[in-house]
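Among the features that TrEMBL reports, domain 'EF-hand' is placed at 302-337, 342-377. The signal peptide annotation in TrEMBL covers 1-21. The annotation transmembrane segment is assigned in TrEMBL to 73-97, 109-130, 150-171, 215-233, 239-262, 433-452, 464-490, 502-527, 533-553, 560-579.
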Amino acid sequence: MSKHLTLSFLLLLLFFFLILCDPSYGRFITHRTYFSLSSDLVSDGVQQLRGPPYLALNRSSSFSAESTCEQTYGFLPCTTTILGNIFLILVYGYLMFLSATYLSNGSELLLEILGPGIIGGLFLPILGALPDAMLILVSGLSGSTETAQSQVSVGMGLLAGSTVMLLTIIWGTCVIVGKCDLVDGVAQDAQDTKGFNLTESGVSTDIWTSYSARIMMISVIPFLIVQILQVLSSTSGRHLAVLIALIVSLLLLISYCLYQVLQPWIQRRKISYVKHKRVILGLLRYLRDRAVGRLFKDNGEPDEEGIKKLFSVVDSNEDGKISYSELRALVVGIRFEEIDLNKDDTVDKLMRDFDTSHDDHIDKTEFVKCISKWLKKAMTIQTVSDDPGSRTLRFLNAFHRDTDREHDLLYVGDESDEVLEDAGGSRWTSIKAVLLLLLGTLIAAAFADPLVDAVDNFSDATSIPTFFISFIALPLATNSSEAVTAIIFASRDTRKTASLTFSELYGAVTMNNVLCLSVFLALVYIRGLTWDFTSEVLVIIIVCIVVGGFASFRTNFPLWTSLVAFLLYPFSLALIYVLDYVLGWS
């Protein structure tokens, strides 16, 4: 942290030095009218020239050319030279990188104090996308409508470049640095003996990561809407298309934030349900071992007579009802070694599952009905025909394997293996978090506009379209902190860290697609700009669907998938170039 602050201080000193060295303008020592008529010196000591009674020298042509450079805020340095603008892009880009770093560090400190939910689900994704959103905002607010129309391509380039970079270069790199041996499609933590085997080495994630990828695919809906409706011939129709896409984008943003807030609760509920299934499975296997009759008929339906005989096994006092204490004694007698259970909580859930009449007892009808329900669920699992043992055992074994697989995909480890150090008390940590967030926000707000101007000036000096400059260069500044963190985290070679890494990548893209796009569409609609980004939007849709479709329906990614991701990056650039400059889409 101190290193970043030192570099920031040195950069600010450099800015002040450049400001002091900026060309100064004083009174001309030549009369403007006379200067326009003659380029001679006022006097050579011999000839007498008519003119104003004071000495004057010519202004150089280069001096007038520099006057076309407009300083941001009236004092920040600017230049029309190629090397000068490269330097400014690097400096401003580094400051945006610092902004993203401070926002990330402040968000993590705040998360340690307040935990997930509103902080982790709402503030963290928004703050992560803040630098991008700020750059997009200033690119469309600059000057007149004509100026905004020319600079808004910087915002679209950043939006497309960030999405493509995260899902191609960063995604593929995380697969490589996080690779482990794949056994039956599951990565073995910290075990990497197969080297760069394209099919037997890679990463695997939990099922929640797949859900994040599906949400990311849903977030491209506003892009599809504006893309489809842009075929309308009238200007008012296209303007309406932007408005519709903006409304949908805002609705998706709100929905995504709500989902992020509720996600910890949803995860706990689903994991709890799977644990309950494993308890039921243990109960069925325990009762099956003590069965005096069959649990299934020849037609595959549950055998109610056999289940009623099981009821008498549990009803130890033979009063025709299973009480809470009798059910608890049954649970305690079953050894659930595979999962850590709270016995009282487990019995409570079983009572709710069996006791449909809510009289705190389980009668024979309720017992038969509940056991039959779970046996039918076990029958829905596909079994291997040559499995040894009875039919009931085959169904229960298949049910066991399926439940284990489901639990493994839902839960790959504790929330964190890291031991959080005391940062000097929660109060100081809160102050530090707030200061970092404020510093990051101020830097992003202050230097977004000059960075956009530097990109625009560099484009004018080199005749390279601003879109390609912002597509390649700006994401390196605004997403580099996030990228480095993801790569370092993925290199820990565990399923838990891989799941978290890829979930954060998909979340960052989702926030780009809803928050940053909402800002962009609002600028286009409010300022009445022309929508001229068909090819750029098409690239975003293609990359999101390819990678998102890949990650939505599988939880393991062999090494060859990283090659597909890497190839998508040059493909995206080539596609935009062909569509815009060969086929003339723009």
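Heads up, the Cβ atoms here are built off N, Cα and C, so glycines get one too.
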Chain residues outside the transmembrane segment (239-262) and at least six past its termini with a C-beta under 8 angstroms from it:
117-118, 120-122, 125-126, 215, 218-219, 221-223, 225-226, 229-230, 232, 507, 510-511, 513-515, 517-518, 521-522, 524-525, 528, 531
With a cut-off of 8 Å between Cβ atoms, can you find at least three pairs linking the transmembrane segment (433-452) to the transmembrane segment (560-579)? Only pairs 6 or more residues apart in sequence count.
no
DSSP says what for the domain 'EF-hand' (342-377): how many helix, strand, coil residues?
26 helix, 2 strand, 8 coil
Who are the chain neighbours of the transmembrane segment (502-527) in space, where the CB to CB distance is under 8 Å and they lie at least 6 residues beyond its ends?
125-126, 128-129, 132-133, 136-137, 139-141, 145, 148, 152, 155-156, 159, 162-163, 166-167, 170-171, 174, 203, 205, 208-209, 212-213, 215-216, 219-220, 222-223, 226, 239, 242-243, 245-246, 249-250, 252-253, 256, 260, 479, 482, 486, 540, 544, 548, 551
Looking only at residues six or more beyond either end of the transmembrane segment (215-233), which have a C-beta under 8 A from one in the stretch?
240-242, 244-246, 248-249, 252, 256, 259, 506-507, 509-510, 513-514, 517, 521, 531, 534, 537-538, 540-541, 544-545, 548-549, 552
Grouping DSSP H, G, I as helix and E, B as strand, the residues of the domain 'EF-hand' (302-337) number 21 helix, 3 strand, 12 coil
